[in-house]
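What TrEMBL lists as coiled coil is 427-500. Look at TrEMBL and you will find 219-271 tagged as domain 'HAMP'. What TrEMBL records for 531-753 is domain 'Histidine kinase'. Taken from TrEMBL, the feature domain 'Response regulatory' applies to 802-916, 925-1041, 1071-1188. What TrEMBL records for ASP851, ASP974, ASP1121 is 4-aspartylphosphate. Sequence annotations record features per position, and here TrEMBL assigns transmembrane segment to 12-31, 176-198.
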Amino acid sequence: MAKNVFRNLQIGFGFSMAILLASSAVMFLSLRKQRENKALMDQSQRTILNSQLVLIDLQNAETGQRGYLLTGQEEFLAPYRDSRRDLPQHLGNLINGDLSPIQMTRAQGLGRLAMERIEVLEELMAQRLSSGNLSPDHLDRGKSIMDSCRVLIGEIQHEEEAREGKRSEELDNSTLTTTILFAFASLMSLVITAILFWKLRGDYRRRAELQQELLEKDSDMKHRLNIIRGIARQVTKGNYSVIIDDTKKDDLGNIAESLRIMTESLKKNFDQLQRNEWRKNGLAQLNSGLMGNPGLEEIAKFSMEFITDYMDLENGAVFMVERSTFKVMHTVGLQSLPFSEVPLTGGILGEVYRTKRYRVLKDLYPEEFKLSFAQGEILVRQIALVPIIYQQECMGILEVGSRGDISEEKIGIISDFCETIGISMAAAQSRRRVQQLLEETQTQTEELQVQHAELETLNSELEAQAGRLRVSEEELRSQQDELLISNQELEKRSHLLEERNQVIVARNREIQEKAEALALSTKYKSEFLANMSHELRTPLNSILLLSRVLTENTDGNLNQEQVESAQVIWSSGTGLLTLIDEILDLSKIEAGKMDIELEEFRLADLISELQQMFSPLTKEKNLELRIENGLPGDFNLKSDRLRLEQVLRNLLSNAIKFTENGHITLRVERTSGPGASIRFHVRDTGIGIPQEKQKLIFEAFQQADGSTRRQYGGTGLGLSISREIARLLHGELNVESTPGQGSCFILSLPLDFVNGEQIDVQNEEPIAPLNKALENPAIGPGILIPQFIPDDRGTIAPGDKAILIVEDDETFARLVLQYARKAGYKAIAVGRGDLALEAALRFSPKAILLDIVLPHMDGWQVLEGLKSNPDTRHIPVHMMSAEQAKKSESIRRGAIDFIRKPFQNQGFQEIFSKIDSALSNGPKKVLIVEENPKHAEALSSYLESFDISTEVKSSLEQGVKALTSGKVECVILDMGIPDPGAYETLETIKGQDGLEDLPIIVFTGKSLSGQEEMRIKEYADSIVLKTAHSFQRILDEVSLFLHLVENKTSGLSPQVNAKGSRLAEILHGRKVLIADDDIRNIFSISRALEKFNMEIYSAIDGVEACQVLESQPDIDIVLMDIMMPKMDGFQAIEKIRSMEIFSKLPIIAVTAKAMMGDRERCMKAGASDYISKPVDLDQLVSLLRVWLFNR
């Protein structure tokens, strides 16, 4: 109670003192603030005064200077001098005052301007004294500086006046605040005094009540303290099980609770100390047992037995990581294990190995985890797996089992044991590795001793060599002196070379200018050749057409001599066309537009083809053609096959032409060493070439004999084109010749494109022509065909399925005959190739099994004879041979398939399955890939009339999808052959899985050169040109590949007859408009078409053609020349297409300018089709029939 009274007195006195101190502090601060404001106001007044004094000094100086300038009297300078003296002091007072940063900047700026103004005044006075004249610039400058000073002084004074007003306002506010606070403090002191009196009176009354309550509690506290004192004595004696039951929430209750917590903590700590002591003893015993140098097996045995005994565990095992498995090192309490190693990735062991963390398995199935004893079995409740880790690497796993629970504490102790085991295992492994290394070191030491002896021998040799080197050094020194002299001479020569280089640079500029002029002339020449091609083809068109009409002599009014003359005209025109094409080829080479297409091919095939091609020509001139191939037969060459063949054909043709007697030799060899190459030598024994003419012959239009009396004809383009092609192939063409002894042309190609890798298929034997094979004694229809083996030829009845077996191996022939009988065939067997043709004609078999290697006539010749005879060409022929031949080659020649001997029953099944499929009577399906829908429709309709199912696609992508989605047995392809994209088309089809042997017939409207035809035959099986009879030719080829049997007895069906008749009469009575500016072309085309009873209309330009169409709207088709006066063909086609009545009228564009892009431009203008001059009559008739087929 006394404390409360004292506290109340303290509170009341404290509040009073606080209010007094606060009011005193506020009043003190207010008075200090007033003094500060007063001082600042005085400072502002001083700043205003000093700035005003500076202005006055400047004005006085300016006034004194003006008086002096006006009068020239010195007494007027007194104000100037006074101002000059006082100005620095006044400026210093202004700058050194207590100014704000902005004011300080202004003051400093004012000081600079003031001093500058004084300098200007002095300069003016100096001018007055020196010259008596004043500079207007100085006057203006002085006025500008003075104005700036007035502005700065005004800003300074304005700023200080504003600050002075603000401080005056703050001073008034501070005075008012002080008055209010003083009144508030007095009032609060009175209120606190009253409250304190009332509070003291209440405290005094409660003091008496509390004194009685304290006496009662004193006796209770003594009793509780005695109880706490007794419990403390029990704890000091080590009895931690006593419990304090005091739940009162007071100080003694808190003491009792603290004593209870302390007792529990002491008990827990003493238990932990005992467990730690037990763990340390275990680790010490384990370390003691692992002392020394035990091996891995000893470590595992001791560790496992110690842990199971010390930890009171039932069983366990130690696994050690060895390579990629766990190896069982030792077990305790376990029966014999069924394994000794476990994969690292297997089961829970693998998981513990990967994670390096222990696992405890609980809730085990009783029937699977038991301990066996003599008296019975005990269940194992838990299994623990602990990794043995050393330096973050798992070296093994310790597995233990227990009948009770394996606590976390036990797992911790086992983990400590495993660390010690890991250290011991690592030490044992290190000892083992050290022992191994020691043994290896001993072995290497012995080897080093041997090498040391060898090195001593080498050292003696090196000493001898060092002596020789010293002698060489002396020789080198003498050579160095000689080189110094040579270098001096070289320096002199380098100066001369620099002078010559300057001359060369000047000449190079001249050469470059000439090269540009040459390129321009080449461009003009190319354009000239293109235009000349048009001008030459136009009259040539009439020559070829009219001579062809006269040659056919359809009216029979020409005698034999006249027909022969017409044939000479036609042949000469064809030769002239070839010459034009050569000129265009040369133009393409010079313009850099001839493309090279690299491919890998067997060189022996090319040489064989050249031999077959030129052998008849050499025999005709009684010359000998020698072929000397110094390369392996399977050697592959990577180059442009067509261009290479073109060069070799030209060289061989020239050799034959210029050789009257002797021989022609084609030799192929491969050079070795740097710059290795393939060389083709074409050597003849002809007239030879003089030395001065050997460079001339490679120029265009040049020959060795260019006189009017020359013996040999030709244009002189062949060798020029050949050399340019050789350069395109990265090679060169050279000549060696002696007049009268012959010439040797050498074509060298680099080995950059050579690939020595052999192809899979072995070399095929050259196939001799059929006519050569038939030079053997003829097998007439009446000759007796000997029976090779017993067969069924005598039992064949009408309606039987007969098969002809052509095989010279008697054993194999019998085997094939037996299988044929099982397949339901009557079999006839012959053992010679020359008997096969007669047997096929006599017995009319349904199919033929044909071997390739046969006596008298090989299988290829037999196949050629079968397919060239209309009576046997439809018979399916299956090729077979022990030789390795190309399946694609067999199919290309007309066979249905090829199989290599020997083969088993599966091979027989495939053979007769293929034959049965070929003999099926269902309609055969042909895919037509044609970008022109009209052509495709006409061809499809024609083939379907012969019971041949067709499918038409307009693009390559659609065609490939059709081939892969449905069964197609033949493809007719017209995709702009021989454009470069067409070869990719053929290669894409042949590259599809399952389509490698699919027959492909190329149907094109362009006349092909020999090179183009050979290139296409690499992918296609047959080539058909669009002529008047091309549909029939297509039908023949399709029949050959599909093995269609012609019905000779019943004749064609009414539908077929109707179609054939319609095809023949399709042009009869049709109206055709020929638009051409050359009357000769109109005449020749008209004469050619009149024999088909067509009605001809003509026009000489596009305007007249449109007029004729307007007057004759029933015209069926238009032949439109492109280059015509007034309105060319493009404009005429566009105008015709703009008329709705002629939107679907067939228009065939005719042009003599056969350049790249002409066809696309014609089709874009609206033409239905395109043909180039000179017009091929057969091709023109074919196009007319196509476009008039369904009109």
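Glycine residues also receive a Cβ, built from the backbone N, Cα and C atoms like all the rest.
Residue environment of ASP1121 (4-aspartylphosphate) contains 26 other Cβ atoms, counted within 10 Å of its Cβ in all protein chains.
When the modified residues ASP851, ASP974 are compared by the number of other CB atoms within 10 angstroms of each CB, ASP974 has the fewest. Mapped onto DSSP classes, the domain 'Response regulatory' (802-916) shows 52 helix, 24 strand, 39 coil.
Cα spacing between ASP851 (4-aspartylphosphate) and ASP974 (4-aspartylphosphate): 35 Å, rounded to the nearest whole number. ASP1121 (4-aspartylphosphate) is 24 Å away from ASP974 (4-aspartylphosphate) when you measure Cα to Cα. Confidence for the domain 'Histidine kinase' (531-753), expressed as mean pLDDT, is 78.
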